[in-house]
Amino acid sequence: MTADSTVTTATAPGAEYADTASAAYRSILQIIESVEPRIAAATRKELADQRDSLKLIASENYASPAALLTMGSWLSDKYAEGTIGHRFYAGCQNVDTVETVAAEHARELFGAPYAYVQPHSGIDANLVAYWAILATRVEAPGLSEAGVKNVNDLSEAQWEELRGKLGNQRLMGMSLDAGGHLTHGFRPNISGKMFHQRSYGTDPKTELLDYDALAAAAREFKPLILVGGYSAYPRRVNFAKLREIADEVGATLMVDMAHFAGLVAGKVFTGDEDPVPHAHVTTTTTHKSLRGPRGGLVLATAEYSDAVDKGCPMVLGGPLSHVMAAKAVALAEARQPAFQAYAQRVADNAKALADGFLKRGARLVTGGTDNHIVLLDVTSFGVTGRQAESALLDSGVVTNRNSIPADPNGAWYTSGIRLGTPALTTRGFGADDFDRVAELIVDVLSNTTPEGTSKAKYKLADGTAERVHAAAAELLDANPLYPGLSL
Ligand code: DSN
């Protein structure tokens, strides 16, 4: 452990009420056990597995016991379709309170004019955003042209014409192999089917976002929606520049900050790197670097807020009120000074991890990182991403394989391993610990060889998994997950 104990405590939410949380979890598990013991056993085992592995999946984290426990309540039993104060069901006064508090925390935390906390996930948040933009920019002018207020007042012919327009708009987002996300216009996803889509990539030499090339492509394609954000790009983005490009071509800028919302909330990304003041609509998940429950939310400017507010019934069904409650708790935590310390350490630790690889001769996509992601090119080790991912898992290191730009092994086997620092930073890992993590990963990959010509099968040299497991256990024991929590 390299951090002083004050900072470490601040990065491990819940340590201060660990005894109470332990008692709560013991009771909960006892109750579950009496109804379906296999679920109680799997729940216990999941904690043990998470405690015992080096979790480097860039999109995962450890939510606080407060946020987790908040989800286990009768708020789950209430239907509340609609929006705050305007529901399609009676008796929603407590859900109104929950949603109001969660939205208030989201607005304050991100400095956004409007927040919508109902989306169940990142894809839901993105669908709400896309349809809110379509409603504002295509549907509303269509209704106005027809002289009606509501789609139900259109004739069959007028409705067909408007549906045709809604389904024939253009969207431009980052390509998957450059680090974009499948909801940013990838054909197998609904976003690639709903929109006429074109991608922007990164510079083939530097692997960095090329804003001039992006601007030129946007000028030619003229998208209705320009999407910023990524899930596997290890660099910061200048959102002021993206907004300039969007304005020039008449696009709405939507930024999906799911991966780096914690760095925005923690004031590591400010100014041009903070998407919220620049984007018309910003979406995020709440469980990645933001460290809350699994879910999504949408932030919007006044121009788009009315349409976003109609996320239900436009795209969503009933909100998950118990999860909105947990979002409120996690967002309240993220407004504490300790969260800023955590967010800064996430970025510092990623740099330490990247430096650890570079000094051991490994190649990183873009040559390094300045966010929470490190994208390791494993081709120099003579293995595919799939082989690397499996050999690392055998050694107690949990990662995910990921495409690299112009990947010779395609999207299934891949040539990269994506690593992220939020989860282990929450456990208290510091820069020296991440240097050691880089050393262990290099040890595993240097001792992994493909079996024949297979892109999946591999052999791990004898003793490697045991050696790395033992070294990982030392790091994990020094930085316990949920310190003080005992079942
Ligand atoms: N599955 C998430 C990730 O790993 O980045 C994105 O949806």
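For all residues, glycine too, the Cβ spot is worked out from N, Cα and C.
Lifted from TrEMBL, the feature list:
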DOMAIN    33-137  domain 'Serine hydroxymethyltransferase-like'
DOMAIN    169-441  domain 'Serine hydroxymethyltransferase-like'
BINDING   Leu176, Gly180, His181, Leu182, Glu303  (6S)-5,6,7,8-tetrahydrofolate binding site
SITE      His287  site 'Plays an important role in substrate specificity'
MOD_RES   Lys288  N6-(pyridoxal phosphate)lysine
Collapsed DSSP category at Lys288 (N6-(pyridoxal phosphate)lysine): coil
Cβ neighbour count (within 10 Å, all chains shown) around Glu303 ((6S)-5,6,7,8-tetrahydrofolate binding site): 16
Cβ-based isolation winner (fewest other Cβ atoms within 10 Å) among the binding-site residues Leu176, Leu182: Leu182
DSSP three-state assignment (helix, strand or coil) for His181 ((6S)-5,6,7,8-tetrahydrofolate binding site): coil
Long-range Cβ environment of the residue listed as 'N6-(pyridoxal phosphate)lysine', under 8 Å and at least 6 residues apart: Ala58, Ser59, Glu60, Asn61, Ala258, His259, Ala261, Gly262, Pro422
Rounded inter-Cα distance in Å - His287 (site 'Plays an important role in substrate specificity'), His181 ((6S)-5,6,7,8-tetrahydrofolate binding site): 16
Those residues of the chain, 6+ apart, with a Cβ under 8 Å from that of His181 ((6S)-5,6,7,8-tetrahydrofolate binding site): Gly122, Gly173, Met174, Gly229, Tyr230, Ser231, Asp256, Ala258
Integer average pLDDT (0 to 100) for the domain 'Serine hydroxymethyltransferase-like' (169-441): 97
Maximal Cα-Cα distance (Å) across residues annotated as binding (6S)-5,6,7,8-tetrahydrofolate, namely Leu176, Gly180, His181, Leu182, Glu303: 30
Under 8 Å by Cβ from Gly180 ((6S)-5,6,7,8-tetrahydrofolate binding site), same chain, sequence gap 6 or more: Gly173, Met174, Phe186, Ser199, Val227, Gly229, Tyr230, Ser231, Tyr233
Cβ packing number for His287 (site 'Plays an important role in substrate specificity'), 10 Å threshold: 26
